[in-house]
Amino acid sequence: MEDSESQLLSDEYQPPETLLGSLDIFVFSLIAGLLIYWFFFRKKTEPVLDLKTFPAVPPPIRQTSFIEKMKKTNRNVVVFYGSQTGTAEEFANRLAKDAHRYGMKGMATDPEEYDMSELSRLKEIPNSMAVFCMATYGEGDPTDNAQEFYDWMQGTDDDLEGVNFAVFGLGNKTYEHFNATGNYTDKRLAELGGKRVFDLGLGDDDSNLEEDFISWKEQFWPAVCEFFGVEATGEESSIRQFELVVHNDINMNQVYTGEMGRLKSFQTQKPPFDSKNLFLAPVTVNRKLNKGGNRHLMHIELDIMDSKIRYDAGDHVAVYPTNDAAVVNRIGERLGVDLDTVISLKNLDEESNKKHPFPCPSTYRTALTHYLDINNTPRKNVLYELSQYTSDPQEQENMRKMASASPEGKALYQSWVLDSERNILAILEDLPSLNPPVDHLCELLPRLQARYYSIASSNKVHPTSIHICAVVIEYTTKTGRFYKGVATNWLKNKEVTENGHKHTVPMYVRRSQFRLPFKPSNPVIMIGPGTGIAPFVGFIQERAWQKEQGKDVGETILYFGCRHKNEDFLYQQELEEFERAGVLTQLNVAFSRDQEHKIYVQHLLKKNKEQLWKLIHSNNAHIYVCGDARNMARDVHTAFYEIAEEVGGLTHTQAVDYFKKLMTKGRYSQDVWS
């Protein structure tokens, strides 16, 4: 660029020889030379000044070949993970660590970071194997980080003959498309000629995902030994993945304080905002929605005015909560550590792309507050690793028993950990001889995950704010401890202003397929009891806006359910106003506990079966369901099957097939959770 610009300058000041003499040419040449010198001098001095303040760090060269990395580091097992909440990544790390016990060397890998078309080259490495821990997200979708790999599988015709593989899927049976991604990965790799080393494993998060994984893993490794002709080494010792580095003399401007990606990103906010670069959205409204009862349901509004964030009705807002400071302090006191010590956990595998388990350097306090999940029950592998730090033989035996796959161990883990809802603090308090080093505890605990909420507003009506509707989770556990949901209690305490200070929420928007019909004239049937009403508030706002624009808006029907009309009829005033204005064609509300027999939304659907069947079968209506997947969504499914049978004259098999086709066409959409 500089060469071309200087050439333009010299051309601009080069006079035609026919008009000027040699002296003139000399003078003009001198002027041109001075201009060029000034131009280059200015260009060179600017970056020098910048570098004094902001040292330039060359971007790391991205190694896109996992095959070359495996060859370089002498690995023969690669474990890919498709992970949305961190569980599949955790399982992949456990499998990679297990490999050494069988004379193999493994690495856990994010498929998003590599060129997956190189999978066919895996056979270049002797006795090699690819394992896939694949979670299913939403309605049968791959996770964000596995989307490119999924697309590659769909479009490729590569020959995978000679490539050994195995798949463990993570799913939830309450969802319609149970383990769709794991099933597809296993099926597709075999179709392309890959050799299945062991049968597909299917984990069910509605039951006990970890038990499913352990049961599969305990059969998987013997099958691997037989396949490759290797023997287990018998080593069961704990293997540290990270080493502790204590920073005694460090500039605190170099220490992370809760940021997910770029250091100081909370001090200097720069779009675009995503999962690694969060926007700190000020809280402008925080009000209680319910008028009575012992629960706290809340409506929160986040200001996104200066963020350039855009969203559509039906999208999700991801918020990153922080753990309760009192719990963090109690962990520090129990382990006798200075929580303000600045540390890094550095990967012992220098070739690993994952240098740290969380942003480092950081203090223990920041790690336990912002980065680590200290509130949920620990997994079995955490108990096993921690058991080495118990001085009481009985406590150690019980911890190792709970980490085993024996029937007695499963029962003990179920009752003492899961049913009693013991988090890591409760385990430390109830096992007095357990004294792990805090750095190993930080290595073992999973990452604190974002919480996703259906956005309760329309960007057409509220372009500069995002609304959240949520219920605060709090109750007493079997051990007498008071359990508080991390995110909802943190949000509850986000007052609009406190001593003139605006509270903020680290967030970004995650796109969803939960969308209003392209044609406003299509009727919509929305079913959302409790906080499942959230996206429908946005939908109704948008339908009102479409009406104001003079568009032909079809019937807009809502089925909402709550316990008592006088306690938790969420957004009652707004909904009734929409009904009076004719935006909401029908407002059907089931108050489950206002009469002797409980009435739910599915009962109201059956009551209006003729009208609903006509809208669905003849008028191209779109159906939307939001809320609890385990019971409500299933019961709504059943109600629609019965309507199709009773009014449409279909058999049960035909009814199931009918609604499956509606889902495929995007006319039956769900935004559900378990």
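Each Cβ is built from the backbone N, Cα and C atoms, and glycine gets one as well.
Sequence annotations record features per position, and here TrEMBL assigns transmembrane segment to 20-40. Marked as domain 'Flavodoxin-like' by TrEMBL: 77-221. Residues annotated as FMN binding site in TrEMBL: 83-88, 135-138, 170-179, ASP205. Per TrEMBL, the feature domain 'FAD-binding FR-type' maps to 276-517. What TrEMBL lists as NADP(+) binding site is ARG295, THR531, SER592, ARG593, LYS598, ILE599, TYR600, VAL601, GLN602, ASP635. Sequence annotations record features per position, and here TrEMBL assigns FAD binding site to ARG451, TYR452, TYR453, SER454, CYS469, ALA470, VAL471, TYR475, GLY485, VAL486, ALA487, THR488, TRP673.
Here the features listed in TrEMBL are placed on the structure.
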| residue | record | Cβ within 10 Å |
| --- | --- | --- |
| SER83 | FMN binding site | 22 |
| GLY138 | FMN binding site | 18 |
| ASN172 | FMN binding site | 21 |
| PHE178 | FMN binding site | 17 |
| ARG295 | NADP(+) binding site | 16 |
| ARG451 | FAD binding site | 20 |
| TYR453 | FAD binding site | 23 |
| VAL471 | FAD binding site | 17 |
| LYS598 | NADP(+) binding site | 13 |
| TYR600 | NADP(+) binding site | 18 |
Site extent for FAD, whole Å (max Cα pair distance, ARG451, TYR452, TYR453, SER454, CYS469, ALA470, VAL471, TYR475, GLY485, VAL486, ALA487, THR488, TRP673): 24
Count of other CB atoms lying within 10 Å of the CB belonging to ALA487 (FAD binding site): 22
Candidate nearest ARG451 (FAD binding site) in space, where candidates are the binding-site residues GLY138, ARG295, SER592 and distance is Cα-Cα: GLY138
Cα distance (Å, whole number) from ASN172 (FMN binding site) to TYR600 (NADP(+) binding site): 24
Proximal residue to ARG295 (NADP(+) binding site) among binding-site residues SER83, GLY138, ALA487 (C-alpha distance): ALA487
Top Cα neighbour of ASN172 (FMN binding site) in the set of binding-site residues TYR453, SER592, LYS598, GLN602, TRP673: TRP673
Subset of binding-site residues (GLY138, TYR175, LYS598) lying within 10 A of TRP673 (FAD binding site), CA to CA, in sequence order: GLY138, TYR175
Maximal Cα-Cα distance (Å) across residues annotated as binding NADP(+), namely ARG295, THR531, SER592, ARG593, LYS598, ILE599, TYR600, VAL601, GLN602, ASP635: 24
Cβ neighbours of GLY86 (FMN binding site) where a neighbour is any other Cβ within 10 Å: 15
Per-residue Cβ crowding (10 Å cut-off), top of binding-site residues ALA135, CYS469: ALA135
Which of SER592, GLN602, all binding-site residues, has a Cβ with the fewest other Cβ atoms inside 10 Å: SER592
For the domain 'Flavodoxin-like' (77-221), the number of residues DSSP places in helix, strand and coil: 65 helix, 35 strand, 45 coil
Candidate with sparsest Cβ neighbourhood (10 Å radius) among TYR175, TRP673, the listed binding-site residues: TRP673
